[in-house]
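What TrEMBL annotates here:
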DNA_BIND  B:15-54  DNA-binding region
BINDING   B:89, B:90, B:91, B:92, B:93, B:94  NAD(+) binding site
DOMAIN    B:78-179  domain 'CoA-binding'
DNA sequence: TAGATTGTTAATCGATTAACAATC
DNA sequence: TAGATTGTTAATCGATTAACAATC
């Protein structure tokens with residue numbers, strides 16, 4: 001078995017990808033770990049360690065080829081394939097995700113939108129029709145769905161999670177404010193906005209105290 | 001100076017707060033670190049270490065009083081005060097935040113919404129009128145604003161950040177997909193949705209490989 | 001009192017940084 | 001070749017876990 005790469009490292013990879021994308025846009029051809037470290041405000045050592053978890057992408061005396069490294073990180077993050085997403089919960093947050101066109105450039109394509117609200121029947125967002133929840137299982141059977149985004153009230157989240165997991169879904173992007181219970185082999189990525197806001201709040205209070 | 005508490009610890013506090021809130025709702029009066037550790041799937045040791053960064057909230061032989069601990073963590077996270085928020089960028093994501101009523105229960109109150117789009121002039125979300133960007137400085141001068149949420153395209157983010165920082169804002173909740181440059185003393189909390197999605201994507205690919 | 005469980009110190013583990021030989 | 005910079009090993013730092021004396 002391959003050595004396990006820590007989530008701390010994985011979490012940093014999208015940021016490298018973003019910075020390399022900007023360099024690429026600016027026509028920069030090569031970059032050293034040291035120069036990148038200055039821009040990103042991390043240590044050069046960390047950059048080299050992180051990248052070498054996945055392979056040697058650089059060249060001694062030269063640094064890293066921006067285009068090549070950008071593409072390699074893209075592959076590591078699975079951006080070289082298409083991921084079909086359905087969004088369950090077509091409220092503002094669900095619609096915000098459905099409207100976020102830039103995801104598609106990275107291969108994340110929203111192919112379905114679901115809601116419980118009958119008033120939404122027949123409506124669509126960016127050409128994607130909003131379906132009712134009783135159509136969920138049929139849709140999952142008829143379409144290749146890789147990721148389910150849960151943008152619904154937490155009261156419904158457990159039930160819906162059970163349904164999609166039963167239907168064979170192995171990846172959930174969870175915006176509901178609770179911890180999902182899923183069987184082994186199902187990946188959950190949480191986005192807990194209120195946790196993020198509380199962390200910000202802590203840091204505000206801390207900062208104020210430091211002023212005094 | 002007080003000992004610095006790591007962000008790793010801070011990040012876990014909202015989750016404790018959430019679990020304690022649920023226990024409270026369920027009428028549970030006291031809980032031991034061990035029992036909580038089983039529910040939360042962390043070690044009891046970590047719970048005790050985390051809490052003791054802020055003080056001794058428990059009692060030997062008894063455990064923790066749920067109500068008391070819940071309130072104390074609330075205070076640590078600054079939830080015992082009101083935080084006024086303005087949201088800049090009244091697209092779906094901005095509106096989603098403005099509509100998220102539960103934030104208000106924790107003291108986070110949206111008092112303003114701003115957008116560049118003239119078509120939005122006069123519209124309002126949940127009773128909060130959408131203002132145009134040229135009204136920003138006046139609004140900040142006339143109102144106590146604690147947090148600015150940036151839910152706008154990254155092209156505008158740097159400019160707007162400069163403006164609000166100049167106006168004295170010390171906390172930014174950043175949803176724009178770039179790293180903000182802010183002076184010392186300004187706190188930034190990032191929510192990079194596409195980074196989160198990429199992390200999920202990595203874990204999907206990894207899981208698939210492990211199956212083979 | 002005896003039992004339970006904290007608060008806290010000590011041990012371990014993992015992640016980050018530093019250093020440098022390998023090499024382009 | 002000389003200089004630059006990687007890949008990688010070693011050292012350090014910090015975070016997590018274990019252990020246990022203090023104490024309710």
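Numbering starts at 1 and runs along the chain as displayed.
Just so you know, glycine gets a Cβ as well, placed from its N, Cα and C.
Taking the DNA-binding region (B:15-54) as a whole, pLDDT averages 98 in the prediction. Sequence-remote contacts of a segment are chain residues at least 6 beyond its ends whose Cβ falls under 8 Å from one of its Cβ atoms, and for the DNA-binding region (B:15-54) they are 3, 5, 9, 62-67, 69-70, 72-74, 76-77, 79. Using a Cβ-Cβ cut-off of under 8 Å to chain A, the binding-site residues B:89, B:90, B:93 reduce to B:93. Residue counts for the DNA-binding region (B:15-54) under DSSP, helix first, then strand, then coil, are 28 helix, 2 strand, 10 coil. Residues in the domain 'CoA-binding' (B:78-179) partition by DSSP class (helix H, G, I; strand E, B; coil) as 38 helix, 29 strand, 35 coil.
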